[in-house]
Amino acid sequence: MISQFETHPFHMVEESPWPIYLGVASFFLLISLVDFFWFHSMNFIMNFLIWGWILKIWSRDVVRESVYGGFHSTEVEKGLKWGMGWFITSEIFFFLAFFWGFFHFSLVPNMESGDSWPPLHIIPMMPFSIPLLNTLLLLSSGISLTWSHHSLLCGDYNASIFGILLTIFLGVYFTVLQVFEYMESTFCFYDSLYGSIFFLATGFHGAHVIIGTTMLIIVSLRIFWGNFSNTHHIGMEISSWYWHFVDVVWLFLFCCIYWWGS
């Protein structure tokens, strides 16, 4: 007879349809992304909304297991941290590919680029205008998020909410300035290797900023609802890790592509 009592610190997750649903939705999302590059945006928008809805429902179940079920033991939290750590590691190699391509073509320009970098007829972005302001915004957001996390550890929930709302504001401000910069650009995605690498690297970073901002919005709501305490706030921790990762990536983008690359 199997004992009804668990003799280990892990949570045996019940059967859930969300992993397979999210996998299928991710497949169609990537397929529709190809259409998006050819200006067929409706399929991508619909698939993105479906993907986001499935992720939201799955996250709701995880929150219920944590807050109302009490299943997130120390070992479970450690596993979640390891998961986010490996995810960030994979994202590092993802952006490393962009930097590899950038330096491969910039250090040894080919004939197609006019044997120069930036290529002929490309007017690069001025690094000490909007890019510098965006750098200050992200660095400031990292400080405000650290303050918010410290306030949560001290049990000052009002200060924690204020700090994270300030971080969200700075993240949204960064995104608006990034869009404005794209609108004012004198080159586009199809203008040589420089344009392709520039918009791929900064565009995917911008997408990560939007994802990080969304995560912080959810965290702020959970702090307001009382889901977090000064000893149990794994969502706050992994969101902070992700946001600081986004900060560091931008510093490399600013120094390498905007400043040195111009």
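Glycine is treated like the rest: Cβ placed from N, Cα and C.
The annotation domain 'Heme-copper oxidase subunit III family profile' is assigned in TrEMBL to 6-262. Annotation source TrEMBL lists transmembrane segment at 20-39, 86-108, 128-147, 159-180, 192-221, 241-261.
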Long-range neighbours of the transmembrane segment (159-180), counting only residues six or more past its ends (CB under 8 A) = 130, 133-134, 137-138, 140-141, 144-145, 147-149, 151-152, 202, 206, 209-210, 212-213, 216-217, 219-220, 223-224, 243
Among 86-108, 192-221, 241-261, point out the range having the most Cβ pairs under 8 angstroms from the transmembrane segment (128-147).
-> 241-261
Spatial neighbours of the transmembrane segment (241-261) not adjacent in sequence (6+ beyond its ends, CB under 8 Å) are 84-85, 88, 91-92, 95, 99, 102-103, 106, 117-118, 124-125, 127, 131-132, 134-135, 138-139, 141-142, 145, 167, 171, 194, 197-198, 201-202, 205, 208-209, 211-212, 215-216
Over the domain 'Heme-copper oxidase subunit III family profile' (6-262), what is the model's average pLDDT?
-> 86
